[in-house]
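A.B. asks: Just passing along the structure, written as structure tokens.
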Amino acid sequence: MSGSTVIPADAAPAAPVAERLRITEIFHSIQGEADAIGWPTVFVRLTGCPLRCVWCDTEYSFHGGQWHDIDAILAEVASHGARHVCVTGGEPLAQKRCLILLRKLCDAGYEVSLETSGALDVAAVDPRVRKVMDLKPPDSGESARNLWSNLDHLLPHDQVKFVIASRADFEWSRDAFAEHRLVSRCMVLFSPVHGKVEPRELAEWILAERLPVRFQMQLHKLLWNDAAGH
Ligand code: SF4
């Protein structure tokens, strides 16, 4: 006799399993960087990251967090009444169901951006999402994690961000910018690591090399000095 379980033909179908994500925080603030800088934005910060950049400023998102149904996340986002939504982390793509959240946010009509480390495959991200994708220079300690094939999935509305901690990082970024012809792919952002490179120094390096990249400092650090919830 077989040991398999027989399910009666008239048995009720199993209830669908809710699609959930582990979330560190959801908050309403001013977008502090990238192309959408300055817009009132709802941030959805997903928990967890497989990288450990030495200058990471969101280590509190590595662990903990709480499970939320994706529909409940959408309801909370809606309660803030903003047009822009930024899905961030941690590394949001480390949770596969992030792709569902991104699609549903786009379907709901938001301007959606995704902040991602550049180490995980972005191929399946909804093309309506504006990807803000890092390429990690050496001083991050995570340069080996750059997934260069991601460059083939960039769209003109996306952005590549280099976070620069030293002159060596700057030169690495300048060379990567040229080698991968990023100028023809999308907007490129160069940003200084707080306390490692003087912002004016980085600005002057960009000007001296006549690089067609966009210098940026994180607006939320100027406004709120990196306080939680901003
Ligand atoms: S990828 Fe982002 S969240 Fe992860 S360690 Fe690096 S800076 Fe921090």
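Glycine is treated like the rest: Cβ placed from N, Cα and C.
Bear in mind that TrEMBL entries carry predicted annotations, made automatically and left uncurated.
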A.B. asks: Quick one: which of G81, G90, G109 does TrEMBL put in the S-adenosyl-L-methionine site with W55, C56, D57?
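C.D. replies: Answer, per TrEMBL (S-adenosyl-L-methionine site with W55, C56, D57), from G81, G90, G109: G90.
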A.B. asks: Same substrate site as I30, Q31, G32, T88 according to TrEMBL: which of R20, R22, R45, R97?
C.D. replies: R45
A.B. asks: So if I draw a 10 Å sphere around the Cβ of C49 ([4Fe-4S] cluster binding site), how many other Cβ atoms end up inside it?
C.D. replies: 22
A.B. asks: Around the recorded S-adenosyl-L-methionine site, report the further residues of that chain (criterion: Cβ within 8 Å of the mean position of the Cβ atoms of W55, C56, D57, G90; site residues excluded), sequence-ordered.
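C.D. replies: Once W55, C56, D57, G90 are set aside, the remaining close residues are C53, T58, E59.
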A.B. asks: Quick one: average pLDDT across the domain 'Radical SAM core' (36-226), no decimals.
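C.D. replies: Residues in the domain 'Radical SAM core' (36-226) carry a mean pLDDT of 97 in this prediction.
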A.B. asks: Report, as a single number, how many Cβ atoms besides its own are within 10 Å of the Cβ of G32 (substrate binding site).
C.D. replies: 22
A.B. asks: Neighbour count, 10 Å Cβ-Cβ cut-off, for T58 (Mg(2+) binding site): what number do you get?
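C.D. replies: Total other Cβ atoms inside 10 Å, all chains included: 17.
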